[in-house]
């Protein structure tokens, strides 16, 4: 069994927090991009579209690698049932809390903003269910995927641990070239599965719950397991924390391919399948770029960094309805896209931090948005002197 490191790896905490917080400029730039969203500016911005595409091309792949890393670390710390319970509580409770408090009001607001409130009664029962699935899960989809992955990894992590106990761990080494080939094959495999579903029964791909539970889990599970393997094998982790010009160049070329596919691809042809292959290998190479950068610059402890590490999930959860509110009611009054983008950042981040500070002072909300029980310190119980 792999021992749990005594020293906290601050750069991974920081990277995870920054990836979470990158969701704010990602969604605000989406308003000003050429991509169709719930709310859009009058004229799209080429540079904000490029910025949006860059974040979207790798952010969640790297995030799930870090999630897998910490999940396996906790897997070794707790008994199996307690591990599953702790992990599911920490992602499931915030997700279930955010649905009635955040995404339901967000959905109601959008119904009126987009003029769809009048047509809602005329929808079929399935259309109502599917619309609610997409709109209520919304930006919480990664929490649902983490619940599914944690449940699957009850079996997967047990198999990994049993195989380690019956084999020589020192001989299990992979080069970045070998990992690239593996992830290329995984991307092609995912593309084949998606194309097969598209041929056999295309309507299922527009089903919200199927998309989140099956397709998103299927795509990101290799990154989650890669994170676990990086925790187990120091050599694998070193592949990602050691700067590689090859990975940087390959990631840059893959991003160009991603942009070309976005520009010239067609949803009726092979655009989505091509994107899955590109983003699978791009995500792998960006793990090296992000980890090596973070290991060099973010591997330290500070009160300010710790604050945003702790606040990142809450800020991410509340930023989405704030962003849509800004896009619906404030964006139309700002003619400059870049000024609107900067104002959006100030508006969303400012209010999110205020809400975070308020929720810290309400124990029930603090529990509901973190999934962690509030533990009173012994000093708090001591009588005043």
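These residue numbers are counts, starting from 1, taken along the chain as shown.
Glycine is treated like the rest: Cβ placed from N, Cα and C.
Swiss-Prot annotations:
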{"type": "TRANSMEM", "residues": "17-37", "note": "transmembrane segment"}
{"type": "TRANSMEM", "residues": "60-80", "note": "transmembrane segment"}
{"type": "TRANSMEM", "residues": "91-111", "note": "transmembrane segment"}
{"type": "TRANSMEM", "residues": "137-157", "note": "transmembrane segment"}
{"type": "TRANSMEM", "residues": "173-193", "note": "transmembrane segment"}
{"type": "TRANSMEM", "residues": "212-232", "note": "transmembrane segment"}
{"type": "TRANSMEM", "residues": "239-259", "note": "transmembrane segment"}
{"type": "TRANSMEM", "residues": "274-294", "note": "transmembrane segment"}
{"type": "TRANSMEM", "residues": "311-331", "note": "transmembrane segment"}
{"type": "TRANSMEM", "residues": "338-358", "note": "transmembrane segment"}
> Counting Cβ pairs under 8 Å to the transmembrane segment (274-294), which of 91-111, 173-193, 212-232, 311-331, 338-358 comes out on top?
Replying inline: 173-193
> Which residues of the same chain, at least 6 past either end of the transmembrane segment (17-37), have a Cβ under 8 Å from a Cβ in it?
Replying inline: 44-46, 48-49, 51-53, 55-56, 59-60, 62-63, 66, 139, 305, 308-309, 312-313, 315-316, 319-320, 323, 326-327, 331, 337, 340-341, 344-345, 348-349, 352
> Hey, does the transmembrane segment (173-193) touch the transmembrane segment (239-259), meaning at least 3 C-beta pairs closer than 8 angstroms, sequence gap 6 or more?
Replying inline: yes
> Between the stretches 173-193, 212-232, 311-331, which one has more Cβ pairs under 8 Å with the transmembrane segment (137-157) than any other?
Replying inline: 212-232
